[in-house]
Amino acid sequence: MSKGRFGEYGGQFVAETLMPSVIELEAAYNKCKNDPEFQSELTDLLNNYAGRPSLLYYAKNMTEDLGGPKIYLKREDLNHTGAHKINNVLGQVLLAKKMGKTRIIAETGAGQHGVATATACALLNLDCVVYMGKHDTERQALNVYRMKLLGAQVVAVDSGTGTLKDAVNETMKEWSRRMADTHYCIGSAMGPHPFPTMVRDFQSVISREMRQEILEREGRLPDAVLACVGGGSNAIGSFAAFIDDPEVQLFGCEGAGHGVDSPDTAATMQVGRTGVYHGMKTIIAQDSDGQVNPVYSISAGLDYPGIGPEHADLAARKRANYVPITDEEAVQAFEYLSRVEGIIPAIESAHAVAYAIKLAKTMRPDQIICVTLSGRGDKDCAAIARYRGEEIYD
Ligand SMILES: *Cc1c(COP(=O)(O)O)cnc(C)c1O
């Protein structure tokens, strides 16, 4: 099976009952990918609804404070709904509409992808059902309310630990039961082919803009591009346009939780091994029997036991580096960027900011770093306050 492979990773490891759905989707995507009408409708949604292109902001205060390379921030936090997820969701929901689907299903963990999907469905007038682990619906009641407000139905998934991985399993099952009118809008660059390729393509608007913006501003490419990695969609979107430029170093920043030597970590590339999970061959956090390990990060968006297969290949080819960032380092970066630049980053994005602070200390003032801010941090303020021992009621 060589379809949708990235080196030895990727593929289409799904049950017989799901094969017709992924084959239909693959054919539809291949057609739309090269269709100027589809691309121009998508660009119109991205520009005139989501608010693209996003700023490439020169972080002057941070640059001067660290005394090293020029630091630029790619402001995905300024998109409508406050994160990069809208780029992918608008692409997939528009594609589903072209396929004649009337109903979108999606998994969500903390609720960010569910809210983005419900948003796109409200705009494009499709039914929307979001599967969310029962435990997560209790922890993220505000996002459940948002999804309902946007017209979506939220299904609490009771199986397993009632978290993201169980929501993915349930959504895949529902898709195989009902493919005729339903599209599964997956939330990251993961799962069976064509999802990792398709989601990368939709998110690569980040690096296409970044490349053009930095060439206009600096007349050359950056020395390093940094992004946080959960499933890996904002990171692959930030890397895509630079993969063939070997002078640009690529860094994916994982949620190390309490540290890679503790059981409470989500740094899959540090602690994982090759396996097959959620339809793809990739690096997975697992025990010696191949059971998927529970993972932990302060950041709900990075709390996934796998990683998109293209990242596994970029690491194997040594084209990209994957670095662990602990909760404490991320929280310090969250506070630092707020104080120094007046920008409150998502706690996920703060993992990339934390690595930028470390990396800048090893680089020269004539060099350039671009950091993707995948989202805004308003959603995280109460949790960070609690982490610091303050009680905030939200
Ligand atoms: C969901 C999310 C992430 C993690 O997802 P990726 O697919 O790895 O990009 C990162 N940042 C924010 C703000 C998110 O909402």
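Numbering starts at 1 and runs along the chain as displayed.
Just so you know, glycine gets a Cβ as well, placed from its N, Cα and C.
Annotations in TrEMBL come from automatic prediction, not curation.
Annotated domain 'Tryptophan synthase beta chain-like PALP' per TrEMBL: 51-375, in sequence order. Per TrEMBL, the feature N6-(pyridoxal phosphate)lysine maps to Lys85.
Shown in sequence order, Gln112, His113, Ala116, Gly187, Ser233, Gly375 are the residues of the chain, 6+ apart in sequence, with a C-beta less than 8 angstroms from the C-beta of Lys85 (N6-(pyridoxal phosphate)lysine). Across the residues of the domain 'Tryptophan synthase beta chain-like PALP' (51-375), the predicted structure has a mean pLDDT of 97.
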